[in-house]
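S.K.: Look at TrEMBL and you will find 237-251 tagged as compositional bias 'Acidic residues'. Summarising the annotation, TrEMBL assigns region 'Disordered' to 217-251. Feature annotation from TrEMBL assigns transmembrane segment to 15-35, 42-62, 68-88, 100-121, 151-171, 269-291, 303-323, 330-349, 361-384, 396-417, 423-444.
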Amino acid sequence: MRNFTDPTVRIEHMMWIPTFQGCFPFAMVIGGLTSSTFSPRVSAFIGCALVTSSVALSAYAIQHSFALFFVVYGLLFGLGSGIAYVTAVSTAINWAPDKIGVVSGIVAAGFGLSSSIFAPIQTMIVNPLNLPATKDGYFVQPELLMRVPSLFTKLAIIYGIMQGIALIVVCDPPFRIRHSGLGSLSEYIFSASASQRYAGVSYSRVRLDEQVVVETTNRPAADPSKSRSNESITNSVDDEDDDDEDPVFDNDEDTTIQMTSSEMLKSPTFYCLFASLFCCSFYANMFYNLYKTYGESFIEDDMFMAMAFSVASVANAIARIGWGYLTDRTSFQIALSTATCLASVFLLTMPMTRELGKMAFLFWLTGTFICMGATHALFITATVKCFGNRHKARNYGYLILSTTASGVLLAAISQFYLKAIGYTYLFIITSIFPFCAFIIISCIQWTPQGKSVT
């Protein structure tokens, strides 16, 4: 863009793009509405179509203006991404309601793992000769820059194929056989004894005249045939209503709390989670968006940066599942407190990597990415545990608005103050945010629903 579209555009301006890519306002609320109104597959299709279209259109937008590129690759991409992500994680939780942490961690891992695959691919397509950037983090080689627009087209084709395959299997579980006693799907997967119970199960249609009728002792004398017929029909209707209204699996851990979004917004617990997610997303967005430009200020190896990012992304994806598992075994409070304390240490000492070299940079990058993995995996779990499963998509959508607020603050700081502050003081200041999240979460048990996550 600096060389062909707008020479006034700087890296600091581009911070607005990922800010709205990852947290478009109300995108996840919209995703919850589309999923409940239509179906998970339709909702996911809408999100995927918006994402793929935005990537394809970006090949045109990046050559014309920053504003158009921001709308297409920032707002439109963020809208589709939010709809698709909240639909995927909500649907997965429906299949295994007793393993919320692990399941949400797996979905979040897929969300984060993609960067470890596509970052090296993008680098090899655009910069196959591993040409260096300038000290300010910009590339100026014409042969490299000319490959950028076509990259968006190629990525859009790849994304469309992958999403089309994935949409085939996106669905909610079928209606429950209420008295089967089988438990949830996760129990079947994780328990060896459960598979034996499933192995001998079969279902067949029962005729109306074969249904068991329970005679009541207090029923007054009446026509026996009429009584049996009415009782049988009533039982049949009741069973159908139960199947339609209830979720698929029996879950002994289901909470009695089922708060709507309006009720949740009145709870102090929500604002504790909102504030802690604001702090976590601020440090995560800052590091994710600026680690490369910081690293390129003393590492002149673009291919190393791409591979380092891939290694860190794989660690981040594995960590998301690990943080989810830790949450299920301990609590949200313990898992997030551990992650935020470690993040504060890594951010506070990150400026040391300039003197220690690129392998130290890789270690700090990976460590911080592991801590960042807790943010995506844990807060959806806290939302379900505190406010219930029924409205989880919309409730999480309102909670995720905190990432929009933190992203806007980060983008404004980067655009107007990054050059004056410098990376060293930016890392030191940012290390305060995860520590603030630790303090907030340490006090959450004193809020109305806070004990559910401690």
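Any Cβ shown, glycine's included, is placed from N, Cα and C.
Where the annotation comes from TrEMBL, it is an automatic prediction and has not been curated.
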S.K.: Please determine whether the transmembrane segment (396-417) and the transmembrane segment (423-444) are in contact (criterion: at least three Cβ-Cβ distances under 8 Å, sequence separation 6 or more).
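M.R.: By the criterion, they do not touch.
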S.K.: Please indicate, using numbers and ranges, the residues of the same chain that are 6 or more beyond the transmembrane segment (269-291) and have a C-beta under 8 Å from a C-beta there.
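M.R.: Residues 15, 18-19, 22-23, 309, 336, 340, 343, 347, 365, 368, 372, 374-375, 379, 382-383, 386-387, 398-403, 405-407, 409-410, 414, 418, 423, 426, 430-431, 433-434, 436-437, 440-441, 443-444, 447-450.
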S.K.: The transmembrane segment (42-62) and the transmembrane segment (151-171): do they have three or more Cβ pairs under 8 Å, with pairs 6 or more apart in sequence?
M.R.: yes
S.K.: So which residues does the transmembrane segment (100-121) touch in its own chain, when a touch means Cβ under 8 Å and the partner is 6 or more beyond its ends?
M.R.: 85, 88-89, 92-93, 155, 186, 306-307, 309-314, 316-318, 320-328, 335, 373, 376-378, 380-381, 384-385
S.K.: Mind checking which residues reach the transmembrane segment (303-323)? Cβ under 8 Å, same chain, six or more beyond either end.
M.R.: 101-102, 105-106, 108-110, 112-113, 115-117, 119-120, 122-123, 127, 130, 291-292, 295-296, 335, 339, 358, 361-362, 365-366, 368-374, 376-378
S.K.: Take the transmembrane segment (330-349) and find every residue of the same chain, 6 or more past its ends, with a Cβ under 8 Å from one of its Cβ atoms.
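M.R.: Residues 101, 276, 279-280, 283, 287, 323, 364, 367-368, 370-375, 378, 381-382, 385, 427-428, 430-432, 434-435, 437-438, 441-442, 444-445, 453-454.
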